[in-house]
Every structure is written in C-alpha cells, then in structure tokens.
Amino acid sequence: MNKKVIAIANDHSASEFRKPIIEYLEQAGYEVLDLGTKDSKPVDYPDFGVKIAKAIVAQKAELGIAICGTGIGISIAANRFHGVRCALVYEEETTRLARQHNNANVIALGARIISSYKAVELVKIFLDTPISSETRHQNRIKKLD
Ligand code: RB5
C-alpha cells in the first residue's frame, strides 16, 4: 500500500523545530516530502509557502505542514494558490475545526510561538480528524473556490 504523503516546508526559524514533527510523521508511517530549509541561514518565508502550495496543487502531497516564526507569513503565501486551504493554528480546538469544518489541507505553525511538543500534538490532530460530511460545511468549502 502506498504511504500517504505529507509535505513540510519551513523557513530558517524552524530548522530545529521541524525535527520532531518529521520524526513523528516517519514513525507514524507517512512519507515526508521535505521542502523546508535545513539550517538557520535566513531565507524568505514566501518562497516556502509557494513550495508547499505547489506541491498540494500538483497533488504531490495530500496534506501539508507549513512553518515560519509565527506561521502568519507562510500561511498568507500558501493561501494565494487556488485549491490550498491553509489554516494557521496554535492550539487543539482550532486545529480540529480547521480540518472538520474547513477541510484545511495545510496547517501553518509558528515555531516562535508554540513548542515542538505542542506542534506534534497539533499535527496528530490535523492528520487524525475526519472532515465533516454535513452539507452546510461542504457547501461553504465549495464557495471558497
Ligand atoms: C522570519 O524572521 C519571520 O519573519 C518569519 O519566520 C515569519 O514569522 C513571518 O511571518
């Protein structure tokens, strides 16, 4: 069986922060499409928002995790692409609802805002929460396009 592919993209603020997330994804049986920067040399977050958005639009990955210092810049960049629904999340409930109600296909995380431990918890919720089949939510998601 093919593994589900999860893309990860990050700027320099998350070169360490991303490591436990990647470890979790690999040990949970996902294939990681790693589009992030690996060291602390400054880069520009829009470039990484574009990388993850393009991977989602081209269906190279089913879901994505985008990380910058706050999560704000990279989420703005990713959301400029049609078909990308990137939700900036800092805690459990918004993460669950981003998936359940908004069918978010990317979450953005802030490496300077939350701990890596919290990030792994949010990633688990993102990957494990089913999308609501309720018509009102489905219709609203269609309207986004
Ligand atoms: C980089 O220093 C920082 O601006 C970036 O990671 C992010 O927080 C932007 O939204």
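Keep in mind that glycine also has a Cβ here, set from the backbone N, Cα and C atoms.
Together with Asp11, His12, Gly69, Thr70, Gly71, Ile72, Gly73, Asn102, Arg136, Arg140, the D-ribulose 5-phosphate site in TrEMBL holds one more listed residue from Arg80, Arg112, which is Arg112.
Taking CA atoms as the reference points, Asp11 (D-ribulose 5-phosphate binding site) and Cys68 (active site, proton acceptor) are 5 Å apart. Sparsest Cβ environment among the binding-site residues Gly69, Gly71, Gly73 (other Cβ atoms counted within 10 Å): Gly69. With a 10 A radius on its CB, Arg140 (D-ribulose 5-phosphate binding site) counts 13 other CB atoms from all the protein chains. The separation of His101 (active site, proton donor) from Arg140 (D-ribulose 5-phosphate binding site), Cα to Cα, is 9 Å. Here the recorded positions are His101, Arg112, and the one with the most other Cβ atoms within 10 Å of its Cβ is His101.
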